[in-house]
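Report on the structure given below.
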Amino acid sequence: MSSASTFVILILGVVVIAVICVKEVERGFVSLGCMGTYVKADFFRLDRLCDECYQMFREPEVYMICRSNCFKNNYFPLCVDALLLLEEQRRLDAMVDKLYGKR
């Protein structure tokens with residue numbers, strides 16, 4: 001097999017893996033109850049915030065509860081407060097509203 005063929009096969013493999021990863025993230029988006037607009041950067045920012053909250057308290061439930069109902073719950077603001085991100089609260093709430101969608 002030539003090096004060009006090997007390169008093409010490698011690129012196709014990478015593309016397939018990337019598509020699978022995107023589908024997994026989108027499935028996670030829906031499984032959290034999100035029915036709004038999927039904005040990758042916002043979703044990952046909010047998810048990272050919940051992960052940081054988990055890292056602070058080291059309780060597995062914290063991560064799950066923080067993300068529940070597409071981040072629209074009573075625990076998410078507590079994590080924002082615990083991480084000293086109150087000055088970002090409005091921006092974070094806008095992200096949540098966009099992902100959560102209209103009900």
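Here the Cβ of each residue, glycine as well, is placed from N, Cα and C on the backbone.
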Cys34 has a disulfide partner in TrEMBL; which of Cys66, Cys70 is it? Cys70
Name the cysteine that pairs with Cys79 in a disulphide bond per TrEMBL, restricting the answer to Cys21, Cys53. Cys53
Between the disulfide-bonded residues Cys34, Cys66, Cys70, which lies closest to Cys53 (disulfide bond), Cα to Cα? Cys66
Inside 10 Å of the Cβ of Cys66 (disulfide bond), count up the other Cβ atoms and send me the figure. 23
Taking the Cβ of Cys53 (disulfide bond) as the centre, count every other Cβ atom within 10 Å, in any protein chain shown. 24
Once the DSSP letters are reduced so that anything not helix or strand counts as coil, what is Cys34 (disulfide bond)? coil
